[in-house]
Every structure is written in C-alpha cells, then in structure tokens.
Amino acid sequence: MFAFYFLTACISLKGVFGVSPSYNGLGLTPQMGWDNWNTFACDVSEQLLLDTADRISDLGLKDMGYKYIILDDCWSSGRDSDGFLVADEQKFPNGMGHVADHLHNNSFLFGMYSSAGEYTCAGYPGSLGREEEDAQFFANNRVDYLKYDNCYNKGQFGTPEISYHRYKAMSDALNKTGRPIFYSLCNWGQDLTFYWGSGIANSWRMSGDVTAEFTRPDSRCPCDGDEYDCKYAGFHCSIMNILNKAAPMGQNAGVGGWNDLDNLEVGVGNLTDDEEKAHFSMWAMVKSPLIIGANVNNLKASSYSIYSQASVIAINQDSNGIPATRVWRYYVSDTDEYGQGEIQMWSGPLDNGDQVVALLNGGSVSRPMNTTLEEIFFDSNLGSKKLTSTWDIYDLWANRVDNSTASAILGRNKTATGILYNATEQSYKDGLSKNDTRLFGQKIGSLSPNAILNTTVPAHGIAFYRLRPSS
C-alpha cells in the first residue's frame, strides 16, 4: 500500500533567493570539519586534536574544505578564582592557546564547546549566566567556532522567546569580544530554532542527536515522521528520522545560517556503503554542515572515498545556499526489519542554473524509480523554459575514488592525493565556473521535455544527479 505526500510550501524570501544576511559575516556556506564527540566522547586530549588535524591534512581533506577542528565536551577542570574557565592540564598540558596556534599555523580553524546551562551535558561548568567571561575566554584562546549545547538549562525553555534570549546572550557576548567566532547552536531544535536562529547564530541543530542507524526507531528519540516541533528531541535518532524532520525547514535556512542535521556518521558504526552514500548526499543536499564524526585514523577505504567526493561536496558548498526540497514521499510495502519503508524525491536549484536531484530508496529492496521535469521543477509555471528545455544528467557518484586509490591515500601515499579536488587553491564556485570535471560527476544521458528519468536505486540507497542545461 502506498501513501503519497506532495509538498506545497509557502517559501520565504530566503528560500526563494538564497540570500540571508549572516549576522556576523561568517557561515556563507555550511561549515565543514571534524568533531570528536561521535567517536571519542570524553576521551579528549591535546594530542588527539593535533594528531587528527595532521591526519586530515595528510588525507587531502583539509584542502577539500574540512577546516574546523572542534573540541567537544569534557575539556575543562573548572573555573579559576576570577571565574574564568580552566582547561584540564592533564588533557591539555600546553593550554588551549597552544592548540589554537598549532591549528592556525597549519591552516585549520579551532572550535570549542560549552552549554547554555549551569553544566555541560557531561557535567562540566556551563556558561549560563557566565556568557561574557566565557566568550572572552574563547576569544583569548583564539577560538574560531563555538558549539553551544542545551543541557542543565534550569528550565529556561518552553517558548521561542525564552530560548532565543538564552542563546542570544552568548551571541552578544561573542560579538562583544571583537573576534569573529562561528556560533553553532546545539539546542536540538527546541522551541522552533529554525524560526529565530539566523538572527543570532550561523547554524542550529534541528533534532536530537544522530546515531549510526539508517531507519531503526529508538524510544530515546520519541518523535518521528515530520514532527519538526518535537517537544522531547532525545537522542539516538536515525538518519531517516532526522531527514524527515528537516524536510519542511529548508525555507528557513540559507547563506549565513544553516539547519544542522548533526555530525556525519560515515565511518561510524555499521552502516552499509549505500546507506553512507545516501546519508552524505542528503546532508549535502539540504545544506547541513559536513562535520566528520569518525576516527580519521581508522577509516575504511569506502568511507574515505565518500568524505572526499568533490562533486557531492560542491552541492553542499554551492554559493546560492538554497537547501533542496522534498517534492514527494511514498510509503512502500517492502518494509525493513523495523517496519520502515519509504521512497522520496528531492530537488533544488544551484547557483549556476543547474539543478540537483535525488531519488532516495528507504525501502528494503532495490527498485526502479523515476521522476520528470515537472516534478524536478515543481515550482515552475507551465511553459517555463526549464520545462521546455533538455537537460544533461550527471551522476554525482560516478567518478568516486576507487577503493584501491583510497587505500593508497590512507596508506600515506601522498602522490595519490593529487587526484583530489583542492578547494584551497580553487574554490568550488570557481571550479564550477571553469567546468572542472571532478565537480560534476559523469554525464550519463539527457532528459527532454515530457520524458522520464528512470533509474534503479538500491535498498537504503540513493541516485544523486546534477542536471545541466543541455549543450
């Protein structure tokens, strides 16, 4: 039995034009980097951060855009007599300024963590009521990014206004320091953050914490479906759970302020290769931050080749900043072991007049899927040039780095990294304008008016395309 959903949304001006003034000039594209929490949790140290940064650089990932090295919870040992935070000397013997300087000297950016509560989620000192002292601590230690959590908030939530003012206090304090600091809210979407986040922050989490499961329900993540206004966000939320919650929120994100679907689980847990590809593709397409959650010293070749797929990253870093829209959604009868099964089609405009299209199979069997120009350009009027033109179809995964080459790179063969796109030398925007083939995938055909785009999509997998006006 099928159930059908078709999206007809009132799009904000931000969604139409892809323009949102960044409140602090940062976050013009979604942030990319690495965060320790998903793999290491509280097992953090100076050595972990610096070794990870060196490895990310050696793997060519820094020059693909993964430049933020984000230290999560558990770094503090308390406060000094003046009320300033103190780093744990056992974990960070040279202090946070040393970490920042090492990262900056190697062209990385340094991120740290606190919580808009009395304590952090792991029970360390929080920043509620201490915003100015703590913002100055971060600025003094040359921090470039703050992840700001939501634990132990003393009940200061329940309406958008209450949460807004609690998070605005740190926003104001960061700005007062005079240091540009990317401000990443982690309040789990509580109190409709997507409505007010862009006025005070550069990104905002929109759900409970992700887990390395594609569809598995979990009682600790009680809301599902399209419950974007979840009263108890929880954690251990599956990839499809978070994606469906994010579906209506794209109209409230754009340049300078992004919906954050949480860190990437590629290379974490036991996701299949098709699930990892779908996960990475959809996070890229909806313009979520691309934050590696894996241990980069222990990546398998297939996961590395996903993180380094320039044609997919280029979708995420597209300068117009418009998240893709879910155009349709069907439930299907071939459910998986958890009773989950659905298929979806997503579409979104790109800066150079191209269009990104995804056919997502959340069912348990491989299946034929299709779409048309009328669905792809669902907002266009009949007779629109988009509907009467022929479009070339590029498979965004067709030129993926093979496992042999990925293994060579992981084995520290620096020559092998020469095939990778280098966004430090040439931005994604410039590479697209110069038709760098690494950013387009492989042309597999064309789609003419009244024709149908047909493909076969594996279970828990994706077909991911860039459409370009036919040459």
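Using the three backbone atoms N, Cα and C, a Cβ is placed for every residue, glycine included.
Copied from Swiss-Prot, the annotated features are:
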{"type": "ACT_SITE", "residues": "ASP149", "note": "active site, nucleophile"}
{"type": "ACT_SITE", "residues": "ASP209", "note": "active site, proton donor"}
{"type": "BINDING", "residues": "ASP72, ASP73, LYS147, ARG205, GLN251", "note": "substrate binding site"}
{"type": "DISULFID", "residues": "CYS42-CYS74", "note": "disulfide bond"}
{"type": "DISULFID", "residues": "CYS121-CYS151", "note": "disulfide bond"}
{"type": "DISULFID", "residues": "CYS221-CYS237", "note": "disulfide bond"}
{"type": "DISULFID", "residues": "CYS223-CYS230", "note": "disulfide bond"}
{"type": "CARBOHYD", "residues": "ASN105", "note": "N-linked glycosylation site"}
{"type": "CARBOHYD", "residues": "ASN175", "note": "N-linked glycosylation site"}
{"type": "CARBOHYD", "residues": "ASN270", "note": "N-linked glycosylation site"}
{"type": "CARBOHYD", "residues": "ASN370", "note": "N-linked glycosylation site"}
{"type": "CARBOHYD", "residues": "ASN403", "note": "N-linked glycosylation site"}
{"type": "CARBOHYD", "residues": "ASN413", "note": "N-linked glycosylation site"}
{"type": "CARBOHYD", "residues": "ASN422", "note": "N-linked glycosylation site"}
{"type": "CARBOHYD", "residues": "ASN435", "note": "N-linked glycosylation site"}
{"type": "CARBOHYD", "residues": "ASN454", "note": "N-linked glycosylation site"}
{"type": "SIGNAL", "residues": "1-18", "note": "signal peptide"}
Recorded substrate binding residues, ASP72, ASP73, LYS147, ARG205, GLN251 - maximal Cα separation rounded to whole Å: 31
Fewest other Cβ within 10 angstroms of its own Cβ, chosen from the binding-site residues LYS147, ARG205: LYS147
Pairwise Cα distance for ASP72 (substrate binding site)/CYS42 (disulfide bond) [Å, integer]: 8
ASN175 (N-linked glycosylation site): tally of other CB atoms within 10 A of its CB: 16
Residue among recorded positions ASP73, ASN105, ASN454 with Cα closest to the Cα of ASP209 (active site, proton donor): ASP73
Of the recorded positions listed as CYS74, ASN175, CYS230, CYS237, ASN403, the one whose CA lies nearest the CA of ASP149 (active site, nucleophile): CYS74
Which recorded positions sit within 10 Å of CYS42 (disulfide bond) - Cα, from ASP73, ASN403, ASN413: ASP73
CB within-chain contacts under 8 A for ASN435 (N-linked glycosylation site), separation at least 6: none
Disulfide-bonded residues (CYS121, CYS151, CYS221, CYS223, CYS230), the one with most neighbouring Cβ atoms at 10 Å: CYS221
CYS121 (disulfide bond) in three-state DSSP notation: coil
Least buried by Cβ count (within 10 Å) of the disulfide-bonded residues CYS42, CYS74, CYS237: CYS42
Reduced DSSP assignment, ASN175 (N-linked glycosylation site): helix
Proximal residue to CYS237 (disulfide bond) among binding-site residues ASP73, LYS147, ARG205, GLN251 (C-alpha distance): ARG205
